[in-house]
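Asks: Residues annotated as domain 'Phosphofructokinase' in TrEMBL: 2-295. Positions annotated as diphosphate binding site by TrEMBL: Gly10. The Mg(2+) binding site feature in TrEMBL is assigned to Asp102. The site 'Important for catalytic activity and substrate specificity' annotation in TrEMBL covers Asp103. Feature annotation from TrEMBL assigns site 'Important for catalytic activity' to Lys123. Here TrEMBL flags Thr124, Met125, Asp126, Arg161, Met168, Gly169, Arg170, Glu220, Arg263, His269, Ile270, Gln271, Arg272 as substrate binding site. Feature annotation from TrEMBL assigns active site, proton acceptor to Asp126.
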Amino acid sequence: MKIGILTGGGDCSGLNPAIRGAVFRALDYGDECVGIVEGWQGLLSCETEPLDLVRVDEIIDRGGTILGTSRTNPFKDTTLVQQTITNIAALGLDAVIAIGGDDTLGVATKLAALGVKVVGVPKTMDNDLSGTDFTFGFDTAVNVALDASRRLKDTALSHRRIIVLEVMGRHAGWVALYTGIGSGADYTLIPEVPVDWDVMVRQVMTAYKRKKYAFIVVSEGVEVTTQASVEKLDDFGHMLLQNRGVGPEVARILEEKTGVSTRSATIGHIQRGGSPTLFDRILGSRVGVKAVEMVHDGDFGKMAALRGTEVIAIPLTEAVGKLKTVPQEWVDLLKVFSK
Ligand code: F6P
């Protein structure tokens, strides 16, 4: 078979291990793999590159994606959909493996409904995709944020300050939640829970009096009422949050309310790159391998999902279009660590 592999949406660590896993498994079947360059855009421009053992052998520990990525949405326009389908045939592809988050897999779902032989591989540092327990990229992103947290706590203590760390995560609070618990933060703000300034100030000051500093984690998607909300939208209609500046705004308000010198740091894209953690290398490799097995099993319109310790094929329709947000039991757990 000739299998096309693409990576779409925001990059994250683990994409290269997934590409590598797919190519390694494809070799067992005697398949030919080609990389589709820059996500769905590559199927509009017909830009591909050969993917053989030499190309992927050394990429297990590399962040980002060797194929490049984009947030191109062919379903913005029906002629682009037709062009995508025509080009898959023109490139002689027997199947497409689409590695991406909700948007990329949303396109895969719609193409599968039109008869395209497509298999999904879930990824996102936000960990907000339904149908799978974890996505690769998340573990690496949180570990980078944990490293930043340790550094920020050192300087916060030295200067007797409050420091706010803003992390990514769009509209789900998983990255902030895990960073907050994992770093021992004194307070963590996630988009799923409205900000209660009185409770927050009380908690932060209790911790500050005990330790002579306080450390706060805030997710970029948190709504702080005083901020201007004029974000740009991407191809899929999502708000781009990079200009929202929730971290600096939370720091400004906290300083005003507590009278304590407060600083903020925004980790931004630093947490999206870098060598994948062991967890992301293994998960990426496993779902990449599974995707090729699914192609051979005829499991089109499905995605390789992590359920417990197993990687299984589930319908894409079970995963896309329903953001996996932080449920109440995790919010309750978070509260335990605010003392
Ligand atoms: O979805 C992954 C993500 O990193 C989000 O956490 C973040 O809001 C967004 O991508 C940033 O996108 P961009 O790279 O386009 O600025």
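Glycine is treated like the rest: Cβ placed from N, Cα and C.
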Asks: When the Cβ positions of the recorded positions Gly10, Lys123, Met168 are compared with the atoms of ligand 1, which fall under 6 Å?
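Replies: If the test is a Cβ under 6 Å from any atom of ligand 1, the answer is Gly10, Met168.
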Asks: When the number of other CB atoms within 10 A of each residue's CB is tallied over all shown chains, which of the binding-site residues Arg170, Arg263, Arg272 has the maximum?
Replies: Arg170
Asks: Where does the residue listed as 'Mg(2+) binding site' sit by DSSP, helix, strand or coil?
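Replies: The residue in question, the residue listed as 'Mg(2+) binding site', is helix (DSSP, three-state).
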Asks: Across all the protein chains here, work out how many other Cβ atoms are within 10 Å of the Cβ of Met168 (substrate binding site).
Replies: 23
Asks: Looking at the domain 'Phosphofructokinase' (2-295) alone, can you tell me the average pLDDT?
Replies: 96
Asks: Where does Asp126 (substrate binding site) sit by DSSP, helix, strand or coil?
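Replies: The three-state answer is coil.
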Asks: Using the residues the record lists for substrate (Thr124, Met125, Asp126, Arg161, Met168, Gly169, Arg170, Glu220, Arg263, His269, Ile270, Gln271, Arg272), what whole-number Å value is the largest Cα to Cα distance?
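Replies: Among the residues the record ties to substrate, max Cα distance equals 33 Å.
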Asks: List the Cα distance (Å, whole number) between Arg272 (substrate binding site) and Asp102 (Mg(2+) binding site).
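Replies: Per the Cα atoms, Arg272 (substrate binding site) and Asp102 (Mg(2+) binding site) stand 17 Å apart.
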